[in-house]
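Quick look at what TrEMBL annotates:
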type	residues	note
BINDING	K121, Q184, G216, D247, K390	UTP binding site
BINDING	H217	substrate binding site
Amino acid sequence: DFSKAMSQAGTSQFQEVIRQELEYSMKIELDKILATASSNDLEHTKKDLEGFKKLFHRFLQEKGPSVDWGKIQRPPEDSIQPYEKIKARGLPDNIASDLNKLVVVKLNGGLGTSMGCKGPKSLIGVRNENTFLDLTVQQIEHLNKSYNTDVPLVLMNSFNTDDDTKKILQKYSHSRVKIYTFNQSRYPRINKETLLPIAKDVSYSGENTECWYPPGHGDIYASFYNSGLLDNLIAEGKEYIFVSNIDNLGATVDLYILNHLMNPPNGKRCEFVMEVTNKTRADVKGGTLTQYENKLRLVEIAQVPKAHVDEFKSVSKFKIFNTNNLWIALSAIKRLQEKNAIDMEIIVNPKTLDGGLNVIQLETAVGAAIKSFENSLGINVPRSRFLPVKTTSDLLLVMSNLYSLNAGSLTMSEKREFPTVPLVKLGSSFTKVQDYLRRFESIPDMLELDHLTVSGDVTFGKNVSLKGTVIIIANHGDRIDIPAGALLENKIVSGNLRILDH
């Protein structure tokens, strides 16, 4: 036992020496990069690299999945409230004064590359020529006009989206919404083999674009605070932010949740509310809320030990997942940020660059900070508040007659008999937005659709109706053109346009 203990001590000492060497090498490389910054960029770059250094230090300290599976418990009954209960309280007469204390923050760091688009994802047209950003501005403008309030919109951009977004913002200069932006940090990508940055200087254009990355939306706390905007909004009397992904079209300001925050039934205000919703088979990978060491904690699939991944995905044990619609007290962000007390698990995101180089990105997720806040709460909201558009299959749903558009908000059509959305799987010929748009002369009637699978070279004529389960598969080298006005109900269309009953 003694010799075993000695060898373990030796191993951990050895690991500690390696850790220190890695940190020292990283510091030297970061100093070299910082030395290339102009006097204008110096302060900003310094803050970014300091933040990165802290993250890298933690990355070297942490080993293996960051949760002890044995400690995970179901959240206590009252820690996740049903939305119906919160809605049943109704609204006070002075809801406008509560609205005046709210700020809407949209996470706008992502590019539309996965859908074959250049530039910010928020500028992709989703409905009647309106982009994600247009719809967001319309929603808040409608609120401000209806209640005579001043709810501002804040966009967290990344260095990838900032320039293009700012150019577009000029078009809203006459709208009744104040729009502010701040940038999330810019961190260097790390060579997977050497664990050193691949960037040699601060520039991020030309061949250097691949050297840098925005470190996930968990960066919101530090970059919001560092931008000075957090303090300005507090000085204006703002108390809460409502944060959501700009591509989640269901994430609109909910007055019942706002009322619950501002006027809590037990008199004790929540600092952090996470909207969760019930899992379906499509959401098995979504992060879930658990009780862990007497705190509400968000557990993501990447943190789960391999032996428990199937259990994590089970819809019966973990029934809910995080929508990333979050309501957070501004004063709490300021307090925790000043104490350096926001603790978020590190997500290690491996990437392969165009030249074949393997790199890693260290990221954090905004919802993971829930355990650092006091009196946190989950609210189990209807599925309609989670309507993300990640793929052209999602885009087809939101462009269709399943939804009607009113003041920037999409609501499920009353003509649809089921409250759930059909399952749509479009094949690789539809991945890019321009290919997808070319393949539909008009968006089909989908009010009575349950399931649609399309694979291969398929096009749709005008005024097609799809009902029940429809599967359309064009084999390699074949092409299927669904004729204008066709009604497909429970059909399998295969090969060379043979239409079979499903």
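Here, residue 1 is simply the first one shown, and the rest follow in order.
Glycine too: its Cβ is placed from the backbone N, Cα and C atoms.
Any TrEMBL annotation is an automated prediction that lacks curation.
Everything TrEMBL records as a feature, shown here on the structure.
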| residue | record | CB count, 10 Å |
| --- | --- | --- |
| K121 | UTP binding site | 24 |
| Q184 | UTP binding site | 27 |
| G216 | UTP binding site | 23 |
| H217 | substrate binding site | 23 |
| D247 | UTP binding site | 22 |
| K390 | UTP binding site | 14 |
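Our reading of the UTP binding annotation (K121, Q184, G216, D247, K390) yields a largest Cα to Cα distance of 21 angstrom. The two recorded residues, K390 (UTP binding site) and H217 (substrate binding site), have Cα atoms 16 Å apart. Note: the CA-CA distance between H217 (substrate binding site) and Q184 (UTP binding site) rounds to 8 Å.
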